[in-house]
């Protein structure tokens with residue numbers, strides 16, 4: 001058995017190492033100067049594959065060679081070669097009609113020291129196979145058609161060029177911003193979700209003074225829902241991989257609607273505290289408006305929709321649209337964290353482990369299943385290289401690189417963190433906070449799980465720096481958060497109740513959010529007859545309270561010792577209720 005497990009682990013490690021060796025492409029620079037003197041040299045972005053040949057990291061170590069414009073030819077056969085070949089030159093040829101290998105093989109055979117393939121379309125990695133890589137010894141890269149025109153317009157037809165690939169900083173300062181946003185969202189969302197859940201349990205029967213004050217009910221996630229959700233995620237990811245240009249607009253539309261809803265949900269509690277705008281719109285028969293919402297809430301809804309629409313229209317403005325996307329994304333994550341509830345640690349473990357395997361499969365295993373050898377997850381998250389729309393999925397936090405680098409010219413200015421890397425561990429953090437409140441543990445679970453999330457995110461950044469490629473963050477976040485939560489439960493000897501959520505049945509002290517005395521639902525009473533404690537057998541048949549939970553079955557001590565019974569809503573009765581222990585109907589046990 002041990003040998004079989006070791007063999008399986010060895011195979012997984014081998015697969016991981018093979019994947020790590022498959023470098024699809026890297027960005028580099030071509031520095032161009034005029035051979036006859038003139039304007040100062042300029043850098044242009046190229047996309048190259050280091051498996052053909054490596055480029056020097058410093059321009060001072062690169063060789064300046066003549067750049068020959070041969071774009072009138074596709075360089076797919078020997079007939080396309082010039083009579084004297086490309087001796088000690090870097091030819092520029094057009095893309096198309098044959099493979100990259102055929103072009104670079106002909107160029108190398110004619111004496112070229114490098115090859116630049118001009119593309120009118122989006123730049124794609126110049127790929128090949130291992131045998132072809134071993135045969136070729138010169139660098140091959142793709143240059144955009146627009147840059148090729150600028151080169152010969154600016155420097156004339158006789159130019160010299162050097163190819164190099166400057167090193168980027170191991171970590172960019174934008175990682176600090178992403179870390180603060182991610183950990184802050186998880187901490188605030190988890191704290192809000194836990195506090196809101198307990199508040200709603202205490203205020204279960206409260207009557208709001210207006211329809212706009214009604215909050216969305218939390219949704220408990222069941223194992224069946226978890227399985228359905230994962231199947232839907234897999235299906236959607238595969239569909240996006242094959243039909244990206246069509247479905248990307250569907251995802252953008254869904255994000256606009258969901259983020260506007262999330263922003264409204266986050267700002268509504270603040271707006272309700274304002275002392276003005278409480279007037280309601282006139283009576284009408286329009287959908288939703290017939291409930292006569294307050295003017296301030298209506299203005300808030302219009303503001304949230306406007307912010308979402310502005311982002312949707314200007315989403316490709318790299319200078320500032322990322323700020324709106326991050327704000328809307330954080331609001332969306334907070335809304336989801338307080339709306340979706342995992343009722344037990346068992347449900348948390350199931351969801352996190354299934355999505356952990358999902359992340360590993362679509363990042364590390366799918367390259368062996370696709371024809372291009374690319375990861376489905378990475379392709380979808382960053383946008384397929386052959387996408388005609390060049391749209392990006394908005395379900396990420398994105399921050400532009402802050403370190404100065406020549407590679408800023410290339411189309412890779414942002415660092416990304418997916419919403420799933422916030423929401424999935426955040427649901428566990430929210431559960432920990434709810435459990436903390438229920439068992440009165442000074443929020444040790446919440447604090448420990450939040451710190452574990454931060455540590456897992458730091459480990460993700462370290463792995464990103466070491467491997468220099470995108471990482472599945474759940475690979476590091478799930479073990480950190482699950483192991484930490486489990487360790488705290490073991491240390492406190494509460495693993496059983498933490499696993500099943502049975503700690504929610506404990507009796508809680510009076511909540512600061514307890515409803516106003518006269519607002520709670522009351523059992524029907526005869527206003528003409530003074531009420532007195534009665535045994536459960538004398539409970540009227542029409543009472544909406546269960547026999548074992550009837551207020552009339554309480555002892556005189558529970559109702560306030562010696563307090564005379566009054567009509568519903570009377571001050572004396574309300575005072576007695578306030579002194580009593582919470583009724584089992586309002587205790588957070590049944591739905592935990």
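Residue positions begin at 1 at the first shown residue.
Each Cβ is built from the backbone N, Cα and C atoms, and glycine gets one as well.
Values in this document were obtained by computation on a predicted structure and should not be read as measured data.
Among the candidates 69, 97, the residue that Swiss-Prot annotates as N-linked glycosylation site is 97. Topology check against Swiss-Prot: residue 247 and residue 438 carry distinct topological domain names and occupy opposite sides of the membrane. Among 129, 403, the residue that Swiss-Prot annotates as N-linked glycosylation site is 129. Segment annotation: Swiss-Prot labels transmembrane segment over residues 175-195 (candidates 175-195, 196-216, 511-531, 532-552). Feature annotation (Swiss-Prot): of 371-391, 413-433, the stretch labelled transmembrane segment is 413-433. Annotated by Swiss-Prot as transmembrane segment, the relevant range among 139-159, 349-369 is 349-369. Residue counts for the domain 'PA' (71-149) by DSSP state, with H, G and I taken as helix and E and B as strand, are 24 helix, 16 strand, 39 coil.
In the three-state DSSP classification, residue 359 (active site) falls within a helix. Counted over residue pairs separated by six or more positions, the transmembrane segment (320-340) shares at least 3 Cβ pairs under 8 angstroms with the transmembrane segment (175-195), which defines the two as touching. Recorded residues residue 97 (N-linked glycosylation site) and residue 129 (N-linked glycosylation site) have their alpha carbons 18 Å apart, per Cα-Cα distance. Beyond its flanks by at least six residues, the transmembrane segment (471-491) meets 345, 348-349, 352-353, 355-356, 359-360, 363-364, 377, 417-418, 420-421, 424-425, 428-429, 432, 444-445, 448-449, 451-453, 455-457, 459-460, 463-464, 498-499 of its own chain at Cβ-Cβ distances under 8 Å. Contact between the transmembrane segment (413-433) and the transmembrane segment (175-195) is supported: at least 3 Cβ pairs lie under 8 Å, counting only residues 6 or more apart in sequence. Per-stretch counts of Cβ pairs under 8 Å to the transmembrane segment (222-244) identify 349-369 as the leading one among 175-195, 294-314, 349-369, 446-466. A mean pLDDT of 84 is what the model gives for the domain 'PA' (71-149).
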